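Here's the structure we're looking at; comments come further down.
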Amino acid sequence: METYLSLVVKRSYPDLIIYAGEVTLGEKVRNKKDSKKRKLEKTRITQAACALLNSGGGVIVIQMANQSEQPERMGQDLETSLRNLIPSLDLQAFFETKQQEDKFYIFVKSWSSSPEDDSTKPRICSLGTSLYCRSLTSKVAMDSRDAFYFLKKKKAYIKCSPTDDRAPPAKIPRTMSQKSLESNPAFEIFQSKKLEYGQRLLFSESTSIEFKQFDTENAQKYMKDIIPEYISAFANTQGGYLFIGVDDKSIILGCPKDNVDPDSLKIVANEAISKLPVFHFCSSKDKNKVSYETRVIDVFQEGNLYGYLCVIKVEPFCCAVFSEAPISWMVDKEKGVYTLNTEEWVRMMVDVGPEAASNDLSRDFECQLSLSDSPPHCRPVYSKKGLEHKVDLQQRLFQVSPDCLKYTPESLWSELCSQHERLEDLVKQQIRSFSCGLLILSRSWAVDLNLEEKQEVICDALLIAQNSPPILYTILGEQDEQGQDYCTRTAFTLKQKLVNTGGYTGRVCVMTKVLCLSSQNNNKTSGGSVSPIDYPSSYNLANIQEMQGLLQALVIVLLNFRSFLSDQLGCEVLNLLTAQQYEILSKSLRKTRELFVHGLPGSGKTIIAMKIMEKIRNTFHCETDRILYICENQPLRDFIQAKNICQAVTRKTFMNYKFKTERFQHIIIDEAQNFRTEDGNWYEKAKGITRGMKNCPGILWIFLDYFQTSHLQESGLPDFSLQYPKEELTQVVRNADKIAEFLQQELQKIRDNPPCSIPQESLNILHEFKWSQGVSGTYEITYLTLEKMVSYITDKCDVFLSKGYSPQDIAVLFSTDREKKAYEHMFLREMRKRRRASHMNDESVCHSNMFDSIRRFSGLERSIVFGINPIATEQPISHNLLLCLASRAMKHLYILYLSTPEGQSSMVAC
């Protein structure tokens, strides 16, 4: 990564602002300027523009070198350089300009491919790709679109290549290419020991042959300049020969011996080729090698050595060879303006989303944000079918009405006004000129955006109004020098996330204003709008449709979380919280220090637990070792610990007298219905820790589902009537339709005949049960002998693995840990036997992590779940055990019961 010190990123603005220094503007004046200085100015502007296009948009600030009271145009060369960056002939599609006194501003909108344009555009902006190919007798530089299709084609070929991980896909075509190059008429010359000056070759230039001639003293420099582009072109096409010392009439002239020596020719060629950047989509071990051979052949004239002919034979490359790193820039406030390396550039260029990786994706999920029409940093956003779309979520959470300015959430607005006497008048005075839009209040917009809270802030209010850009108001009780920094940082993060996470493709900036309750004149405080840049009117939200578009991006910003699909598809995918989940997550932690969250199976309790720990960290400025997560079983503990957001332990470890709790201030408890008191009163211990600091007690949130209780012992939870305050999660978001139907049946059976250890009133939550319908799946119950069960599961796993599923998508769950230890080896042996028979690496397709007990797997999920003889040792919780098993399966559920040796007919529930 190379940074550019000549371009300064200003940090005190709520936008990306790049100061490009002094630049002469105006067509006539620029034409009179020294050409080298003019080129340097153009380079700075081009780099800054490209960096902003790729980073969410922003502003280039130019100090005008030539003073002029009349508005100046940039100059034709600058306009052309900007136009060359974008996929549109309309410069104003991405750039607007404005002159204010001696400053000239270029307002840059984020790069994106227009959804109205059916043609696929590259994901990022580049000045040059550094990729070349051969076209007839020419070397052709690929533009961004050509490079996109070239890389996409290479990636698709590698994916479909019938080779395994031990042999790169290049092996198959390389043999053919070798024969092709050797049958080329140039091969005979390549094999020669000596040639005659003036000899005419019996072949001419073609797609696989290029002639170059030079006899100057700068021969080595000339070679260094031409080799990278020609080697890239041959390697990216079908291979070929580069002759250095032959003119375009096929006559051998050579390089005079007085100007070069044979060893230096080879050294120059080898050094130039060794520096070429390459990118592999395949598993080639020769990660940085272009396959080539250099020959230096003596050229004689009338029997005397005259000079040398240099020939480079290049084989076709399996993936992509560049002449140098692609020419593209990005910017952020920490790094400044910097270049992308080759690997970063390629991965962004071919980042076309997960659609091609899964046939089930469009069948089971709705796309909320596609990469095809989004800014470069966006990740795809999907929601399970049947869940609310971002449009519905926006209407529910942030509805805009014509000719109406609403405050939301109303409950928070009322609460804040009752707590702070001058607040209502102060806010209304600021927004009185707006008649249509929303004022979205939060105790801390910083925390909502995963930044640290500032305790002196009473609240933040985001104004989304017609004929105005978004404005973030930060309201303080007393004057605070750091208030403006907080507001600016929060507004900048919001603007960046609206574009780079929410996928907003319009022009956007977030203005800032800090208000102080103790000040009589907020227009003269440090809270006045800090941005001296006067943005064009195109940054105003012109109508309700534009406001709704921005608010839908805001929904994605606030409700997104990393999806389980990310690991399955091999690329990061985001999901959205439900409105019900978001409402719980939005609670004020300072007001809700203890909370019981009752959630039905698959309603997202663990997701909320993880999100709330992130919120705790930002609200209370605490390190991860101050937050403790407690669950009953080790697999869930390990899953949470890997997230690096807290310290995760099991209940047993927590209750061990050797376990030190002094540093912990906040505790999150998950799957609490399966806790026990055999090692002591865990609830009182947790409460004692979180209440240890009387002036600032910690957070204690407990997540549970009585329906999934897997034992009859005392749980240690307080009486149901004392579990206050409490919230409920009733929308099942995990399971396919057939599995959800089975869950509902089992829930009802438990509701009708609950175990004595479960409070009857806790089961009334079932009345609110609902699931997001529309996802197909499998639910089967089968009776088999143990031997047939092993074959059945192995067959099914073979089918799923052949369809692209991985072992991480599969769980085989036994009733008890003892049964798992007794029978696991039988399944593994059969699976490995099958894999060896098919000559596949058995370690990569089956391992012991696929096997566990139903109880230990609590809180986790898999796409495919096999339940082995799920019979509870304690009859009253038999339906609870089935429920625990079934709720782990997202897509396919197979329940297999042991039949008698005599056999029993299979029963399949469809």
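The backbone N, Cα and C atoms fix where each Cβ goes, glycine too.
Features of the protein shown, as given by Swiss-Prot:
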- Glu205: active site (ACT_SITE)
- Glu210: active site (ACT_SITE)
- His280, Cys282, Cys319: Zn(2+) binding site (BINDING)
- Gly599, Leu600, Pro601, Gly602, Ser603, Gly604, Lys605, Thr606: ATP binding site (BINDING)
- 1-354: region 'N'-domain region' (REGION)
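Sequence features annotated in Swiss-Prot and their locations in the structure.
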{"residue": "Glu205", "record": "active site", "contacts (Cβ under 8 Å, 6+ apart)": "Thr137, Phe211, Asp248, Ser250"}
{"residue": "Glu210", "record": "active site", "contacts (Cβ under 8 Å, 6+ apart)": "Thr137, Lys139, Tyr230, Phe234, Gly240, Tyr241, Leu242, Phe243"}
{"residue": "Leu600", "record": "ATP binding site", "contacts (Cβ under 8 Å, 6+ apart)": "Asp705, Phe707, Leu729, Thr730, Gln731, Val732, Leu747, Ile765, Leu766, Phe769"}
{"residue": "Pro601", "record": "ATP binding site", "contacts (Cβ under 8 Å, 6+ apart)": "Asp705, Phe707, Gln708, Val732, Arg734, Asn735, Leu743, Leu747, Leu883, Cys884, Ala886, Ser887"}
{"residue": "Gly602", "record": "ATP binding site", "contacts (Cβ under 8 Å, 6+ apart)": "Val732, Val733, Arg734, Asn735, Ala740, Leu743, Trp771, Glu861, Ser887"}
{"residue": "Ser603", "record": "ATP binding site", "contacts (Cβ under 8 Å, 6+ apart)": "Leu729, Thr730, Gln731, Val732, Val733, Arg734"}
{"residue": "Lys605", "record": "ATP binding site", "contacts (Cβ under 8 Å, 6+ apart)": "Val597, Gly599, Asp670, Phe703, Leu704, Asp705, Leu729"}
Cβ contacts of Gly604 (ATP binding site) (under 8 Å, same chain, 6 or more positions away): Leu577, Thr578, Gln581, Leu729, Val733, Arg734
Thr606 (ATP binding site) and Cys282 (Zn(2+) binding site), Cα-Cα, nearest whole angstrom: 37
Coarse DSSP state, helix versus strand versus coil, of Glu205 (active site): coil
Collapsed DSSP category at Gly602 (ATP binding site): coil
Cβ-centroid neighbours of ATP site Gly599, Leu600, Pro601, Gly602, Ser603, Gly604, Lys605, Thr606, 8 Å, sequence order: Asp705, Leu729, Val732, Val733, Arg734, Ser887
Other C-beta atoms that fall within 10 angstroms of the C-beta of Cys282 (Zn(2+) binding site): 20
Local confidence of the region 'N'-domain region' (1-354) - pLDDT mean: 87
Spatial separation of Thr606 (ATP binding site) from His280 (Zn(2+) binding site) - C-alpha basis, Å: 38
